[in-house]
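For reference, Swiss-Prot has these:
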type	residues	note
COMPBIAS	71-84	compositional bias 'Low complexity'
REGION	65-84	region 'Disordered'
TRANSMEM	109-129	transmembrane segment
TRANSMEM	133-153	transmembrane segment
TRANSMEM	190-212	transmembrane segment
TRANSMEM	250-270	transmembrane segment
TRANSMEM	271-289	transmembrane segment
Amino acid sequence: MLAWRVARGAWGSLRVAVRPPGARLGRGGSRRALLPPAACCLGCLAERWRLRPAAFALRLPGTSPRTHCSGAGKAAPEPAAGGDAAAQAPSARWVRASATSSYENPWTIPNLLSMTRIGLAPVLGYLILEEDFNVALGVFALAGLTDLLDGFIARNWANQKSALGSALDPLADKVLISILYISLTYADLIPVPLTYMIISRDVMLIAAVFYVRYRTLPTPRTLAKYFNPCYATARLKPTFISKVNTAVQLILVAASLAAPVFNYADSIYLQILWCCTAFTTAASAYSYYHYGRKTVQVIKGK
């Protein structure tokens, strides 16, 4: 009986110690305040499960919740001088600063527009294979509009710019261009060697992006952290000739789509555009080979 009373008293003291001042653990009350914030995506959920002690630790009095993707919330208070410094040390929260400060919100308007462009790519490929070039021209114009909008929004609104967007925007362009060139080559509107050159360059660039992601990821490197879109490690900056090359490639796509509609598939100007596209593609590949390291900006503190 005495042992039971001692155990009950110790449990009551422990509950009071972890309870914020003035809070009562009633039904649906401050218990919810002690829970960690909800994960915004599957990547955050997987990373939080890997770091369970940090994700499910109780918040200390005087601190506010910190969302993983936006990095919002106030930092922990500075430890007081003297004997209280050890009690207020950051290690009491079980949170790794490098893990929480690396997160950003991936759900921005430019990123959604880039994903929309990726979704339109197979639709365009199907329309070209079905030789429905009139509708394909309209869908291609819509895809081009999303490309213009995401760049305009990211440049003019700072909260819409993200490290993920710096990689997702060119990736969407490469997916769209690759599917369009393969489909147009199948329809005998673009020569095979030109398509092979463009696809080879894009495959090498995509492989380089995955390699940069691996190299800039802090240890320990895990699959959950690698494929987490909220975890930003580097920003990619395309070269000037690469931007020119993308514009020339899209002009060739538009001209090739319109060729069957306006009956100029055998025009000499279209063949000149083939040569210009081949030149800019080769020059773009060389620019990335020569200035490769300058196109990658590693985010500080990662």
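Placement of Cβ uses the backbone N, Cα and C atoms for every residue, glycine included.
Note that this is a predicted model, so its numbers are computed, not measured.
When each of 109-129, 133-153, 190-212 is checked for Cβ pairs under 8 Å to the transmembrane segment (271-289), 190-212 comes out on top. Note on the transmembrane segment (250-270): residues 128, 131, 133-134, 136-137, 140, 144, 177, 180-181, 184, 189-190, 277 of its chain, located 6 or more positions outside it, place their CB under 8 angstroms from a CB of the stretch.
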